[in-house]
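Features as listed in Swiss-Prot:
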{"type": "BINDING", "residues": "Asn95, Gly196, Asn197, Ala198, Gly199, Asn200, Thr326", "note": "pyridoxal 5'-phosphate binding site"}
{"type": "MOD_RES", "residues": "Lys69", "note": "N6-(pyridoxal phosphate)lysine"}
Amino acid sequence: MSAAKAAVHQPWPGLIEAYRDRLPIGDDWTTVTLLEGGTPLIHAKRISELTGCTVHLKVEGLNPTGSFKDRGMTVAVTESLARGQQAVLCASTGNTSASAAAYAARAGITCAVLIPQGKIAMGKLAQAVMHGAKIIQVDGNFDDCLELARKLTADFPTIALVNSVNPYRIEGQKTAAFEIVDALGTAPDVHALPVGNAGNITAYWKGYSEYHRDGVSDRLPRMLGTQAAGAAPLVTGAPVKDPETIATAIRIGSPASWNSAVEAQQQSDGRFLAATDEEILAAYHLVARTEGVFVEPASAASIAGLLKSVEDGWVKRGSTVVCTVTGNGLKDPDTALKGMPQVTPVPVDPSAVVAELGLS
């Protein structure tokens with residue numbers, strides 16, 4: 001009789017249990033989790049060859065609801081439940097609503113979502129609807145929605161605001177930096193990521209800084225935050241009244257985490273830059289076709305920023321770079337299908353298929 005085979009690896013417990021000693025979680029709190037975190041860090045071979053750097057992709061679209069938001073939401077909803085709050089509320093361009101709705105459903109509490117009129121990808125809205133969220137469309141943009149959410153939760157303290165202004169969101173999201181250092185053995189030279197409401201760059205810098213402070217990592221990365229050119233307040237230094245970009249997840253004109261994002265950029269000797277929609281879409285197609293990673297357009301801003309920064313010399317060849325790709329491409333299928341070539345039927349004949357493929 002053959003010996004029993006050992007498990008290939010231990011099951012991932014979710015990020016709260018994995019990093020409990022580094023999170024502000026009470027011992028008696030009931031954890032609200034969908035086993036988020038533990039996402040892969042994939043070596044991007046062809047983008048590495050293109051840039052002359054060693055590039056890794058932190059693929060956050062493989063979190064339970066398809067985006068990095070789940071990292072913060074597990075901690076924020078766990079804390080809200082511990083405080084006995086009756087509902088959670090968020091303003092959202094899409095991913096936050098999907099995540100908040102899922103974790104509220106898991107916790108057995110109400111979720112309400114304020115969305116800007118006509119400014120949300122349908123895949124994300126479908127998730128929130130399926131998880132039972134109460135969807136409220138606001139005649140305004142994301143910034144208007146967030147201001148309304150702030151006022152509402154201030155007036156009704158039984159409702160928790162779970163946007164990234166909630167510090168527990170930042171605590172959960174910082175764990176992605178822990179995972180990167182755990183995988184690489186130290187921090188990368190450069191960490192590139194998209195910037196919208198700016199909570200994520202704040203969280204990554206917090207995570208890297210804590211690991212460095214405690215001697216887990218012997219260095220800190222330079223933070224490279226890329227905004228869409230039509231929604232680039234951190235680049236221009238002024239709020240954008242009517243932000244516009246195909247990258248809906250970062251279509252934000254006045255980031256809630258503005259000050260902490262600037263601190264992360266300055267303390268890390270990093271930079272903010274703007275990428276046009278054309279540059280973002282080029283990176284979106286590049287990562288899908290050369291690395292097999294399908295991301296939503298906003299996610300590709302990190303790669304667009306890297307390409308621009310290699311071109312202008314800010315990122316030196318030979319650097320180790322991590323690009324966070326924040327959301328799954330299935331969040332926004334409409335963008336992927338735009339410009340799709342006309343499909344013409346072929347006969348039920350192997351030679352016809354071979355000819356269509358251009359093979360011999």
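Using N, Cα and C of the backbone, Cβ positions are placed for all residues, glycine too.
Because the structure is a prediction, the values reported are computed rather than measured.
Feature map: Swiss-Prot annotations on the structure.
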residue: Lys69; record: N6-(pyridoxal phosphate)lysine; Cβ neighbours (10 Å): 35
residue: Asn95; record: pyridoxal 5'-phosphate binding site; Cβ neighbours (10 Å): 33
residue: Gly196; record: pyridoxal 5'-phosphate binding site; Cβ neighbours (10 Å): 31
residue: Asn197; record: pyridoxal 5'-phosphate binding site; Cβ neighbours (10 Å): 26
residue: Ala198; record: pyridoxal 5'-phosphate binding site; Cβ neighbours (10 Å): 27
residue: Gly199; record: pyridoxal 5'-phosphate binding site; Cβ neighbours (10 Å): 26
residue: Asn200; record: pyridoxal 5'-phosphate binding site; Cβ neighbours (10 Å): 29
residue: Thr326; record: pyridoxal 5'-phosphate binding site; Cβ neighbours (10 Å): 30
According to DSSP, does Gly199 (pyridoxal 5'-phosphate binding site) fall in a helix, a strand, or coil? helix
Cβ-centroid neighbourhood (8 Å) of the pyridoxal 5'-phosphate site, Asn95, Gly196, Asn197, Ala198, Gly199, Asn200, Thr326 excluded: Phe68, Lys69, Ser164, Pro194, Val195, Ile201, Ala249, Ile250, Ile252
Just checking a number: largest C-alpha distance across Asn95, Gly196, Asn197, Ala198, Gly199, Asn200, Thr326 for the pyridoxal 5'-phosphate site, rounded to a whole Å. 14
Between Lys69 (N6-(pyridoxal phosphate)lysine) and Gly196 (pyridoxal 5'-phosphate binding site): CA-CA distance (Å): 13
